[in-house]
Protein chains: 2
Amino acid sequence: MSRFDPLPPTTLFKALESATCDEPLPATKALLDAAKFNADGLLPAIAQQHDSGEVLMMAWMNREALEETLSTRRVCYYSRSRGKLWRKGETSGQQQALVSAALDCDGDTVLVKVDQTGPACHTGRRSCFYITLDSEKAAIDSEPLIDPATLYKKS
Amino acid sequence: MSRFDPLPPTTLFKALESATCDEPLPATKALLDAAKFNADGLLPAIAQQHDSGEVLMMAWMNREALEETLSTRRVCYYSRSRGKLWRKGETSGQQQALVSAALDCDGDTVLVKVDQTGPACHTGRRSCFYITLDSEKAAIDSEPLIDPATLYKKS
């Protein structure tokens with residue numbers, strides 16, 4: 001039981017702003033009831049390599065994907081293009097083992113710290129964020145670790 | 001001039017998958033013409049502290065906000081609730097100096113590495129991602145650095 005349990009979902013994240021590290025919180029189920037999935041039922045999910053801190057990618061999770069991620073400890077997204085759950089690495093083998101997950105202050109974004117096998121990016125690069133920009137010029141900042149043709153080869 | 005300059009915006013990010021670190025890229029303007037802003041004209045923008053690697057927050061940028069960020073080197077978002085540009089720290093004083101910016105592989109998300117003054121979160125915490133989840137339980141993982149009442153005090 002926590003002092004937040006009686007609150008309606010609409011006010012929960014606001015109330016949690018004053019929560020401290022040592023007090024009991026509502027169960028994960030209640031947090032997910034209150035989380036602000038967008039009009040398509042999705043939250044942006046940022047994947048970060050847990051030890052190096054590298055931001056690997058951003059994708060989307062529906063509630064089912066987030067619940068599966070938390071229960072299996074293997075990261076599962078929702079593919080907007082395919083319209084179904086996407087267990088990261090199911091085709092490429094480049095899985096993400098979950099280390100920790102956190103919602104943000106207003107409950108509309110999730111950060112997953114992961115242990116990424118090989119490259120996170122479908123191009124074979126470690127991170128998807130490889131196109132650097134300044135006000136005038138752009139550049140590529142990393143090369144593929146693996147030829148992407150080998151990641152998605154027909155078997 | 002780059003080998004990508006003749007390409008239409010719709011095919012640019014796909015073509016850049018094979019780009020190498022040492023070859024010329026189209027100008028930032030051409031990249032922003034091709035970037036996949038959503039139906040509201042926005043990209044998700046992830047802010048990461050450049051040295052510690054901590055993911056601080058996720059907000060949104062329209063093209064104007066991203067161009068201002070790149071030209072002024074001070075991070076500017078687009079506030080969906082206020083419907084206008086939001087120069088991070090304009091009320092709280094907790095600014096973000098831009099260190100580097102990168103688009104992801106499909107041009108629909110931006111990662112900004114920043115030097116954050118004080119807390120990034122309006123609750124006074126360093127990061128917005130302070131509500132950790134496992135499959136059953138949730139917890140708060142950090143305390144405010146500053147009382148949020150002092151961040152937004154009337155002057």
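Using the three backbone atoms N, Cα and C, a Cβ is placed for every residue, glycine included.
As recorded in TrEMBL, the features of this protein are as follows:
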DOMAIN    A:57-130  domain 'Phosphoribosyl-AMP cyclohydrolase'
BINDING   A:Asp104, A:Asp106, A:Asp108  Mg(2+) binding site
BINDING   A:Cys105, A:Cys121, A:Cys128  Zn(2+) binding site
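On its own chain, A:Asp106 (Mg(2+) binding site) has A:Phe13, A:Lys36 as residues at least 6 apart in sequence with a Cβ closer than 8 Å to its own Cβ. Looking only at the binding-site residues A:Asp104, A:Asp108, the densest Cβ neighbourhood within 10 Å occurs at A:Asp104. It is 22 Å from the Cα atom of A:Asp108 (Mg(2+) binding site) to that of A:Cys128 (Zn(2+) binding site). Neighbour counts were taken as the number of other C-beta atoms within 10 angstroms of each residue's C-beta; across the binding-site residues A:Cys105, A:Cys121, A:Cys128, the minimum falls on A:Cys105. Distance noted between the C-alpha atoms of A:Cys128 (Zn(2+) binding site) and A:Asp104 (Mg(2+) binding site) is 22 Å. Look at the domain 'Phosphoribosyl-AMP cyclohydrolase' (A:57-130): DSSP puts its residues at 10 helix, 29 strand, 35 coil. Between the CA atoms of A:Asp104 (Mg(2+) binding site) and A:Cys121 (Zn(2+) binding site) there is a gap of 24 Å.
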